[in-house]
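A.B. asks: So TrEMBL says this about it:
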- A:23-211: domain 'ABC transmembrane type-1' (DOMAIN)
- A:27-48: transmembrane segment (TRANSMEM)
- A:69-86: transmembrane segment (TRANSMEM)
- A:92-115: transmembrane segment (TRANSMEM)
- A:136-161: transmembrane segment (TRANSMEM)
- A:190-207: transmembrane segment (TRANSMEM)
Amino acid sequence: MQDSISFFTGFGVNDLWFLGEAALKTLWISVLSISIGTLLGTFFGWVLHEGKLAATLTIAPVLDVFRSVPLIIQLVLFYNFAPIIGLNFDPFVSGVVILTFYTAALVANVARGGIEAVPPSMRRASRSLGMSYWQDLFHVVLPIGGRAVFPAWIGVVLGVMKDSALVSVLGYVELLKASQVLITRTQEPLLILAIAGAFYFALSYPISRYAHKFEQRWSK
Amino acid sequence: MIQVRDLHKHFGDLHVLKGINLDVNKGEVLSVIGSSGSGKSTLLYCLNSLEQIQQGSVHVDGIDVHAKSTDVNKLRQKLGMVFQQWNSFPHLTVLENVALAPRIVKGKSKEEAIAMAEKQLKHVGLGDKFKHYPNSLSGGQQQRLAIARALAMEPEYMLFDEATSALDPEKVGEVLDTMRLLAEEGMTMICVTHEMGFAKEVSDRVAYFHHGIMEEIGPPEQIFGAPQSEHTRKFLANVR
């Protein structure tokens, strides 16, 4: 009798670790992109609010492109065409760059909404106390506007975290890519996608819970 | 002393203030009355440079308010302002609302700023509300908070822009009492108001504004007892 070679092996504990590590990579790429993207987006939002005409002619159209073109197309285009201008980024860096700009484009409008949520009369009152423009911005507009748009920002955060799965098309082994690898080997798509889904849920749920707690505390 | 000379203010095509001349002395209480749109509130905004002017000048203690070289943030510390809307900072407690500006604008230590805030809050009768958030206060209490917040900057002048207009009728009294208290303590005050009783009783002088012109100014006995201008007479006949 001839021994047969087994191509497919079942799902094991090691595979769970593999998925766990991939989930951490998803978390890492998301944390990086969301943090930098939020800072950048807040700055863009401020520019949109302050320099209406100049911003409309400069950054607004660029942000519109990032917001309107599907993320997967942005990723593939950037990863494949950046080397032409001498930017040889690996899939991770390419993913972070595109996700950062994508986040910034979404956050810019949220941030602008936050600034506009603070009534002009409130800003007038703080200026009448002798606060400078920047003191008013940091001590009054940021905390008040920030709270007003916090739920919208959390929506962006959760969206970007799930969208980070698209970086898998560049070959970066994050949670979704790891699932695909395991499915190919084990032929158990239902089980593995369910586990991957559970990991995404485990990453997202604490964020929305925490966010909800903050909102409740602020509404008191 | 506040000196206003030939002050003109336009909003686009709208000529809101048409050559105002006015002196307000230290320790004086001036009430500014007139119908809506007569330019009363705009005058206040021009005094602390919240609005730019097109012609004329405003001097506060000799400082040209609208000169390019003037540090308006420093100047505004001299002129406390209370608005129609109280504009409490909703994310801060009552105590923090008052302590914020002394700390970040005047650079006081946290302890000093809090001590000043406590003093001013007790002064306006909010000594038991330190830890509350503004949304748990009534309109009258929030307006008194706004007064304490302005006083914590130790201003030399207080500008009141229809401070009681947005309040429920039963809350008007407590704010007017606080304003009365300040007047008795010798604070220099310019009060844009629709409260004729207050203007009559508390003011040293009353100015009547009509379509961007200061139609008449004089002691309350003159304005309310024997107004010189036909417009003043008509206005007072309507509000009484």
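From the backbone N, Cα and C atoms, a Cβ is placed for every residue, glycine too.
Remember, it's a predicted structure, so these values are computed and weren't measured experimentally.
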A.B. asks: Do any residues, 6 or more residues outside the transmembrane segment (A:190-207), come within under 8 Å Cβ-to-Cβ of it, and if so which ones?
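C.D. replies: For the transmembrane segment (A:190-207), the list is 11, 15-16, 19-20, 22-23, 26-27, 30, 154, 157-158, 161-162, 175-176, 178-179, 182-183.
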A.B. asks: Six or more residues beyond either end and a Cβ under 8 Å away: which residues meet both conditions relative to the transmembrane segment (A:92-115)?
C.D. replies: 29-30, 32-34, 36-38, 40-42, 44-46, 48-49, 59, 63-64, 66-67, 71, 74-75, 78-79, 82, 141, 145-146, 148-149, 152-153, 156, 159-160, 163-164, 167, 170, 172
A.B. asks: Within the same chain, where does the transmembrane segment (A:27-48) have neighbours whose Cβ lies under 8 angstroms from its own Cβ atoms, ignoring anything closer than 6 residues to its ends? I mean 6 or more beyond.
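C.D. replies: That would be 54-55, 59-60, 63, 92, 95-96, 99-115, 137, 153, 156-157, 160-161, 164, 167, 172, 174, 203.
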